[in-house]
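This is the structure I want to talk about, given as structure tokens.
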Amino acid sequence: MNAPLNSAVRLDSIEEAIADIAAGKAVVVVDNEDRENEGDLIFAAELATPELVAFMVRYSSGYICVPLLPEDCKRLNLPPMMGRNEDVRGTAYTVTVDANTGTTGISATSRAETMLRLADPMSVVDDFTRPGHVVPLAARPNGVLERDGHTEAAIDLARLAGLRPAGVLCEIVSEEDPTTMARSEELRRFSDEHDLKMISIEQLIEWRRHNETQVRRTVETQLPTDFGSFTALGYKHEIDGQEHVALIAGGVEELNGAEDVFVRVHSECLTGDVFHSRRCDCGQQLHQSMEIIQEAGQGIIIYLRGHEGRGIGLLAKLKAYSLQDSGLDTVDANLEQGLPEDAREYSVAGQILRDLGIKSANLLTNNPHKGEGLRGFGVEASAHTPVEIEPNADNIDYLRTKRDRMNHDLPQVARWDAAHALK
């Protein structure tokens with residue numbers, strides 16, 4: 001049985017993969033074990049050669065696809081293969097095609113010609129016959145940041161290599177067991193044997209988040225609050241449309257180049273922030289952070305939308321509460337729904353801090369690992385300042401779980417337990 005893909009398998013850098021794509025080579029791209037758990041050979045369609053296609057056919061399923069942007073599918077009149085897409089992964093297969101200059105259409109030479117035509121911005125509908133032996137795929141316009149599939153990875157790699165956004169892909173078959181697909185260590189051995197770079201879609205997602213800007217500052221205004229006056233900056237994510245807010249104390253311009261700035265990265269919590277729920281300490285942490293920042297005279301509150309329930313959404317969080325009422329803890333209540341323990345990611349916060357220009361942050365958080373992802377955005381987490389909120393009878397179990405299973409720094413839990421053990 002093939003081992004699943006995991007972090008123990010050595011991966012190459014995204015920069016190396018981009019360089020090889022630009023040089024006309026293929027790379028191996030793997031996805032998550034919870035998805036297809038497969039590796040695809042991928043190269044740029046505009047650099048297709050009979051030799052590349054023959055290599056791909058030899059080591060793959062042979063069902064070769066060419067991801068294209070939706071506008072190219074429309075330009076070439078490539079409608080969906082089916083009116084209703086029932087593919088479990090949502091892969092957008094279109095009608096199959098051959099270049100009209102080929103012979104049988106199935107040879108490596110003929111398929112390479114079809115790929116070149118599909119990648120050519122000057123090609124037209126009549127350059128192809130239908131049906132054929134090459135399967136175009138309609139990729140999501142925003143690549144792996146919109147859908148974490150090989151289709152989008154192929155488009156992104158070609159674009160990042162400075163080439164037309166059109167790729168070629170096919171799943172690699174196991175040589176150890178040709179009845180199944182290659183996975184994990186076998187993909188690494190295959191890559192090394194053939195001098196190919198191997199990367200993951202997860203790597204590509206993180207690379208794009210760190211090296212591109214998806215959030216834009218759209219508005220600035222003054223916001224007087226019960227805790228003092230802040231400058232409110234509105235940010236909008238250009239891909240998912242989510243709107244986020246940064247509250248600034250001490251002036252926006254003064255943050256550029258500033259060090260050891262108090263920063264609270266706060267995840268949206270309707271129940272805690274607005275309804276003052278006693279099941280969590282979110283609203284109290286937010287308010288205490290605003291007080292700390294006002295007392296310091298400088299600081300940033302980043303309010304991240306879309307983080308409700310550690311990223312699982314409001315209704316799923318309410319369902320998790322119901323499961324907790326039945327005896328599960330906050331972690332298992334998520335897992336019981338088939339949801340991750342914590343679905344949040346903080347690239348938006350990193351991009352906002354990069355936009356503001358601070359050099360280092362004193363993070364107001366009880367999570368000692370929260371600053372690990374900021375370094376990639378040019379911000380050092382120079383210190384962590386706990387935000388200690390005294391427990392109550394309704395949230396003590398929740399806080400114990402955060403301490404014991406999520407490694408949060410919560411000394412107040414021990415104080416509560418000691419005090420109540422004496423009663």
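The backbone N, Cα and C atoms fix where each Cβ goes, and this holds for glycine too.
These numbers come from a predicted model, not from an experiment.
In case it's useful when we look at the structure, here is the feature table from Swiss-Prot:
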- Asp342: active site, proton acceptor (ACT_SITE)
- Arg344: active site, nucleophile (ACT_SITE)
- Arg35, Glu36, Asp40, Arg147, Asp148, Gly149, His150, Thr151, Glu171: D-ribulose 5-phosphate binding site (BINDING)
- Glu36, His150: Mg(2+) 2 binding site (BINDING)
- Glu36: Mg(2+) 1 binding site (BINDING)
- Arg264, Val265, His266, Ser267, Glu268, Gln285, Glu308, Gly309, Arg310, Thr330, Thr365, Lys370: GTP binding site (BINDING)
- Cys269, Cys280, Cys282: Zn(2+) binding site (BINDING)
- 1-210: region 'DHBP synthase' (REGION)
- 211-423: region 'GTP cyclohydrolase II' (REGION)
- His133: site 'Essential for DHBP synthase activity' (SITE)
- Glu171: site 'Essential for DHBP synthase activity' (SITE)
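I'd like to know what surrounds each of these features in this structure.
In this structure, Asp342 (active site, proton acceptor) belongs to neither helix nor strand by DSSP; it is coil.
Around the Cβ of Arg344 (active site, nucleophile), the same chain contributes Ser267, Leu304, His307, Arg310, Gly311, each under 8 angstroms and 6 or more positions distant in sequence.
Around the Cβ of Glu171 (D-ribulose 5-phosphate binding site), the number of neighbouring Cβ atoms within 10 Å comes to 19. The secondary structure of Glu171 (D-ribulose 5-phosphate binding site), as reduced to three states from DSSP, is extended strand.
When secondary structure is read from DSSP and collapsed to three states, His150 (D-ribulose 5-phosphate binding site) falls in the helix class.
For Thr365 (GTP binding site), the same-chain residues that are 6 or more apart in sequence and have a Cβ closer than 8 Å to its Cβ are Arg264, Val265, Gly371, His384, Thr385, Pro386, Val387. DSSP assigns Thr365 (GTP binding site) to coil in the three-state reduction, outside any helix or strand.
A 10 Å cutoff on Cβ-Cβ distances gives Cys282 (Zn(2+) binding site) a total of 21 other Cβ atoms nearby, all chains included.
For His133 (site 'Essential for DHBP synthase activity'), the Cβ neighbour count at a 10 Å cut-off comes to 19, with all displayed protein chains included.
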Can you grab the distance from His266 (GTP binding site) over to Cys282 (Zn(2+) binding site)? Cα atoms, rounded to a whole Å.
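The separation of the Cα atoms works out to 8 Å.
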Can you give me the Cα-Cα distance between Cys282 (Zn(2+) binding site) and Glu308 (GTP binding site) in Å, rounded to a whole number?
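Here the two Cα atoms lie 11 Å apart.
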Hey, what's the Cβ neighbour count for Asp40 (D-ribulose 5-phosphate binding site) at 10 Å?
29
Could you tally the C-beta atoms, other than its own, that fall within 10 angstroms of the C-beta of Arg310 (GTP binding site)?
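Counting Cβ neighbours of Arg310 (GTP binding site) within 10 Å gives 21.
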